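Now, the feature entries from TrEMBL:
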SIGNAL    1-16  signal peptide
DOMAIN    73-385  domain 'Peptidase A1'
ACT_SITE  D91  active site
DISULFID  C104-C109  disulfide bond
ACT_SITE  D277  active site
Amino acid sequence: MKWLPVVLACLQLAEGAVRISLKKGLSIRDKMRAAGVLDDFLKHIKYDSVKKYQPSQGSVVREPITNHLDSSYFGEISIGEPPQKFLVLFDTGSSNLWVPSTDCKSPACFNHAKFKASDSVTFTPSGQSSTVSYGSGSVTIVLGSDTLRIQSITVTNQAFGLSQDEPTQPFYFADFDGILGMAYPSLAVGGMATALEGMLEQDQLAEPIFSFYFARQPTYEYGGELILGGVDPQLFQGDITWVPVTQELYWQVALEEFAIGQSVTGWCSQGCQAIVDTGTFLLTVPQEYIQSILEALGAQETSYGYAVDCNDTQSMPPITFSIGGAQLPLSPSAYVLNSNGYCTLGIEVTYLPSQDGQPLWILGDIFLKEYYTAFDMANNRVGFALSA
């Protein structure tokens, strides 16, 4: 893989891991529902969350923004000299860094921070552009490079995208300005160097590892933490279970088994794959298993998701993922969402398999709130430990 040769030299060269506090805001879905536009938006898009993980062609990357409808954990970065600040979604399911540009005239850009290239003495345009295609429209991005800062980390000449046009729905309702992708370099559009590559090449990470902690009871001021350059033992309990990455595009691992209560399903006896994605909020379940899960959990399909009786939550069974020989259960308090007395499962369905044909699951923030997760770039592995 592309970032491995620079990784080993970083073990001794950088000083200390860097802690980024994550904010937790209202999700796009909640804000669109409050504005009365959610139902119409969902009717007009064709959505399958796993389309995000299909191969891109040329300079067009297809990433369904509905993956981000429930994503609401974000943190601050700055770009340029002098620095211009942005709130970004730190997304392990994509690889590019992009923020809005002052050239963007769509309503979605009006209420977000915008990068003004002429105000930065270190900005260099590349002359290249690309398109990110979403279910609701396309985002046109012009590429350039400038100084990226995240706390004490400084990366010079970092490639990034400047959005020229964004679809009003749903971007207008996002609390974050842009996205910082943290998946593998091979996924980046146009061969763009990723932010993590820049950090490694310029010796900005104490170790070639980053890790996430999502608070179980998040607030806007404290939704969790991103640790760049290591792990924080105070944020997890016990040992980390390390699992090899099975495909070096996403942070994808083998899922060995799935159980509902004491019942082992056997669904993964021929193999399953799971993508660990901080840019997706819900758990995503393959289509062939969703009906069995709904029946086992007593859920009914509605226009707002899979509804359950809030009074039954305490008696519902845990669901358990077997990964790397470890049993990683989620209690109903973790996988049931209560919105003002209306309860739904934190689950959605997908219709596409992984690229090797095995059933594909997505472990989003619902899972990551329960398990501190570390991403080891040198050894191509993902680690899980029970969150503190």
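Just so it is clear, glycine is given a Cβ too, placed from its N, Cα and C backbone atoms.
Curation does not apply to TrEMBL; its annotations are automatic.
In this structure the alpha carbons, written CA, of C104 (disulfide bond) and D277 (active site) are 28 Å apart. Ranking the active-site residues D91, D277 by how many Cβ atoms sit within 10 Å of each one's Cβ puts D277 at the top. Cα of D277 (active site) to Cα of D91 (active site): a distance of 7 Å. If you take the Cα of D91 (active site) and the Cα of C109 (disulfide bond), they are about 20 angstrom apart, rounded to a whole number.
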